[in-house]
Amino acid sequence: MAELRALVAVKRVIDFAVKIRVKPDRTGVVTDGVKHSMNPFCEIAVEEAVRLKEKKLVKEIIAVSCGPAQCQETIRTALAMGADRGIHVEVPAAEADRLGPLQVARVLAKLAEKEKVDLVLLGKQAIDDDCNQTGQMTAGFLDWPQGTFASQVTLEGDKVKVEREIDGGLETLRLKLPAVVTADLRLNEPRYATLPNIMGAGPKASASGNGSADVAPMEAGCRRLGQGQPCEPWPPVCRKPRRRRLR
Amino acid sequence: MLLPLAKLSCPAYQCFHALKIKKDYLPLCATRWSSTSVVPRITTHYTVCPRDKDKRWEGVNMERFAEEADVVIVGAGPAGLSAAIRLKQLATKQEKDIRVCLVEKAAQIGAHTLSGACLDPRGFEELFPDWKEKGAPLNTPVTEDRFGILTEKYRIPVPILPGLPMNNHGNYIVRLGHLVSWMGEQAESLGVEVYPGYAAAEVLFHEDGSVKGVATNDVGIQKDGAPKTTFERGLELHAKVTIFAEGCHGHLAKQLYKKFDLRANCEPQTYGIGLKEVGLDYQNPYLSPFREFQRWKHHPSIQPTLEGGKRIAYGARALNEGGLQSIPKLTFPGGLLIGCSPGFMNVPKIKGTHTAMKSGILAAESIFNQLTSENLQSKTTGLHVTEYEDNLKKSWVWKELYTVRNIRPSCHGILGVYGGMIYTGIFYWIFRGMEPWTLKHKGSDSDQLKPAKDCTPIEYPKPDGQISFDLLSSVALSGTNHEHDQPAHLTLKDDSIPVNRNLSIYDGPEQRFCPAGVYEFVPLEQGDGFRLQINAQNCVHCKTCDIKDPSQNINWVVPEGGGGPAYNGM
């Protein structure tokens with residue numbers, strides 16, 4: 001029916017139940033070996049994309065994550081929830097600390113143009129930095145309309161109706177596609193990434209990516225725009241499951 | 001007895017009659033509740049309240065998919081990972097292809113691993129002779145050993161002579177969680193399919209009674225037992241052989257002991273809780289292992305080492321102390337048990353990791369031989385790998401456990417630990433454990449508690465916040481969490497027993513022995529009396545409650561995968 005394509009950005013963050021410890025040299029928090037998982041708001045964004053696909057309003061969902069090799073786990077979870085393809089923008093672990101909303105927004109904007117998507121979905125903010133900026137900056141770079149803090153998303157032809165949660169209550173906007181939407185808590189309840197789907201999401205790709213996004217330190221500003229090179233897309237979900245239905 | 005007619009039409013009798021009819025249509029767990037209506041309903045898990053009789057589950061699709069593998073391993077601890085790695089090493093060497101799947105309830109490998117740990121590298125070196133080049137995290141060799149007996153204020157040093165089990169020469173201090181994580185990476189690079197975050201919840205059987213495999217847990221069930229919109233069934237994993245490596249007191253192993261009567265010829269297992277270490281065969285129901293541990297830290301010989309330090313982590317786990325006498329039958333049609341699940345810990349040495357790894361290696365070798373043998377004939381669809389138990393009995397694991405088998409039981413005598421030390425000195429150090437007799441244990445840990453009226457309550461000092469701490473802040477450090485809207489995984493066979501028996505006779509020992517504060521007796525909202533409140537989200541999966549409950553009413557089952565503690569290198 002529709003030919004819409006969606007890009008969903010997911011972030012790998014420290015699990016919300018873990019107690020954070022500051023590093024002894026005070027340069028950040030301890031992340032080695034600490035339990036990480038997908039940002040809860042990103043899960044909600046992926047779930048929304050999958051629901052739109054189930055309603056046959058979206059044809060293809062691409063999950064993207066920027067960061068070190070372990071981000072592949074997060075992309076795998078997104079694939080298991082229902083995304084079709086995954087893109088991992090590999091950033092070496094040493095530089096990953098300097099990766100902020102500005103850099104990620106730049107990467108997402110480039111990818112959205114390259115993949116010719118109609119809808120970019122993100123979580124409203126990440127639970128580690130609580131920046132609440134990436135979605136908005138992405139829309140700014142692309143010069144697309146944005147519907148943030150979405151608690152309801154309805155696709156209507158070439159427009160998307162977004163009900164937003166704002167300070168005074170609820171606000172409804174109608175945006176012309178292509179657009180950027182960020183998910184708030186009450187948008188939906190994400191499904192579980194069950195084992196059959198994780199198995200179908202393919203084996204873990206090796207840690208070596210085919211390129212890396214150029215991460216500019218905050219000070220370099222916008223001059224580095226255009227040098228980001230995402231690596232090859234994830235192997236598509238094509239492994240035929242060797243399973244039988246029972247009962 | 002003749003009833004006057006008037007009685008039959010009285011409202012009370014009519015009401016009672018109506019209730020009797022209604023009982024047939026109520027779901028099973030509600031029936032239990034209404035029959036003893038003063039007991040608030042606690043257990044809603046589907047293992048206790050079956051779903052096929054529950055109206056809320058009508059029309060829900062209960063179909064399950066299945067995947068076929070050659071070997072399925074439950075549990076990615078040292079034993080499970082050793083077995084997986086050895087299977088793949090053999091397969092690569094002999095150019096055969098076998099599919100090995102490993103499921104683990106923790107969200108990442110190593111997150112539920114807790115140990116001292118002072119590793120005897122013997123088992124590990126058999127798996128990875130080149131571990132140094134590969135960069136395994138064994139970084140701290142032991143340089144010095146000290147052993148002492150603590151009295152209330154003083155410490156009596158005890159010499160460790162070479163040859164005693166406590167001698168640690170050649171061993172390494174490791175963070176077992178990190179070592180297990182490293183082994184997980186090695187397993188994946190060898191081609192093992194590792195699935196953390198998925199718990200094996202059910203054992204599956206063929207028609208001939210042999211083990212067919214396991215099924216992972218269902219997800220998306222509400223706290224009261226009703227299905228959510230996100231409900232999905234688990235996946236069935238079928239295998240020719242299933243290896244159960246769940247660690248100490250595994251819940252699937254518990255079912256297997258019953259089904260195949262594996263404990264017919266061995267003693268009940270006895271346990272300790274690693275906090276470290278408080279034996280679980282204590283008798284005073286007022287004892288709290290957690291608070292004993294806090295008190296221990298204040299001992300004059302321990303406190304100086306800890307002063308100025310910062311508490312960064314906390315965890316707890318039961319461990320087996322039964323030794324050779326408590327090892328059950330290890331194999332059954334379709335599967336076998338390895339690691340701390342049957343329990344190969346060398347108690348006086350306080351080490352079980354090396355024997356667990358060796359048991360995994362032996363299991364893998366025995367299974368591989370059977371799987372690749374050309375004239376394989378099996379009476380049952382699931383393979384019965386009896387060679388594993390025979391090989392284990394011929395290996396150094398058995399020899400080691402045999403020589404130390406009497407040390408722990410010798411501490412049960414009148415002289416207590418001193419008697420044990422004298423016994424060790426004579427029969428182990430001099431005679432190398434060759435004495436012809438085997439001492440028995442006292443019985444299972446749950447039977448050891450004396451009624452509360454025969455014991456005195458223990459006054460524990462308040463935690464000072466520098467060296468000793470309160471329970472809840474410690475639990476927060478374990479990083480434990482579970483999806484809150486799921487049935488409590490600490491199930492009770494009978495909801496009325498905690499108050500009627502445990503509280504009234506033993507003053508509710510579960511509120512003391514749980515190292516995570518899961519069990520609380522809170523006053524009823526109306527009227528006098530108490531009810532048991534289960535804070536399942538705090539659980540750190542230590543299994544102490546399943547072991548020590550004097551009524552053996554608590555049955556620990558696995559919660560939704562991914563939940564539980566988030567240990568980092570513990």
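Cβ from N, Cα, C; glycine included.
Note: TrEMBL annotation is automatic and uncurated.
Among the features that TrEMBL reports, AMP binding site is placed at A:ALA9, A:39-42, A:CYS66, A:123-134. The feature domain 'Electron transfer flavoprotein alpha/beta-subunit N-terminal' is assigned by TrEMBL to A:26-214.
In the predicted structure, the domain 'Electron transfer flavoprotein alpha/beta-subunit N-terminal' (A:26-214) carries a mean pLDDT of 90. Secondary structure at A:ALA126 (AMP binding site), taken from DSSP and collapsed to helix, strand or coil, is coil. Counting other Cβ atoms within 10 Å of each Cβ, the lowest count among the binding-site residues A:ALA9, A:ALA126 belongs to A:ALA126. In sequence order, A:ALA9, A:VAL10, A:LYS11, A:ASN39, A:PRO40, A:PHE41, A:CYS42, A:GLU43, A:ILE44, A:ALA45, A:THR182, A:ALA183 constitute the residues six or more apart from A:GLY123 (AMP binding site) in its chain with CB-CB distances below 8 Å. Counting Cβ atoms from all protein chains shown, A:ASN132 (AMP binding site) has 16 others lying within 10 Å of its own Cβ. Other C-beta atoms found within 10 angstroms of the C-beta of A:ASP129 (AMP binding site) number 13, with every protein chain shown included. Over all protein chains present, the Cβ of A:PHE41 (AMP binding site) has 25 other Cβ atoms lying within 10 Å. The secondary structure of A:ALA9 (AMP binding site), as reduced to three states from DSSP, is extended strand.
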